[in-house]
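Taken verbatim from TrEMBL:
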DOMAIN    67-157  domain 'GHMP kinase N-terminal'
BINDING   98, 99, 100, 101, 102, 103, 104, 105, 106, 107, 108  ATP binding site
DOMAIN    225-292  domain 'GHMP kinase C-terminal'
Ligand code: HSE
């Protein structure tokens, strides 16, 4: 194939109960693709990297500072280790996700970039090698390796990070009837800064609550107990410290609860918030309210989503 386009969805890191170890990929129910796309094509010339899309103006001017360029270099290195050479190619990043939104924006670029490169080279790297490479690149950007965005973005659905026996993550069953109402206010928070404000140590009580909530949530997902799962969606690790960075976070939670939301939380390191709902009419009501009261500027948006079970994929040959 002479050209192809890879798509990688937005994701919710942490999902409240699993700091750095749980993540979910998102698919808006109206069919919009909320994620980044990367176009790759054969060329006889030098490597070039262009950018387009709603948030392209937030990317560095020099393409060598673009994460897709790092994907290209890392992928070339991985091929070289196997005695292979990267093809002559050009790339374009369609940057649709806002940077510093808590929606796994850097992960979506990395995943789409590497998926495009791997598909272009007949999938030389296997799925596990790919996720490891994605995590490594994400770590370069955020200062620490955590897979809770790249794994769901690449593999889809709800992913639990395991990092044992060579397994990075595995899929956890979730509730098909859940709507995830996700609102990005239009401002940005750097993941590194949002990690900086967290305590370096936690009390025994918090450790016990964290373990109970995470184990309880996973148990409830497997035993199909929706209300129990929702009751476990509580964050004692990040939300108590990060909520102050998100204006109106408490108001969102209160209003969502009035409308019957099962849970409200911070997506990744914020400022995006998510709300779990089961009634579509109420979810739409919350969406209207969030658009009027939570979104602060023209960059913001709100989507009613289900989980994206597919994760990253090849979606065509042209942008
Ligand atoms: N789990 C990480 C954090 C990344 O909350 O800092 C979120 O995208």
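The backbone N, Cα and C atoms fix where each Cβ goes, and this holds for glycine too.
Recorded features from TrEMBL, shown on the structure.
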residue: 98; record: ATP binding site; Cβ neighbours (10 Å): 23
residue: 100; record: ATP binding site; Cβ neighbours (10 Å): 21
residue: 102; record: ATP binding site; Cβ neighbours (10 Å): 29
residue: 104; record: ATP binding site; Cβ neighbours (10 Å): 33
residue: 106; record: ATP binding site; Cβ neighbours (10 Å): 22
residue: 108; record: ATP binding site; Cβ neighbours (10 Å): 30
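Close to the recorded ATP site, the chain also has 10, 97, 149, 268: residues not among 98, 99, 100, 101, 102, 103, 104, 105, 106, 107, 108 whose Cβ is within 8 Å of the site's Cβ mean position.
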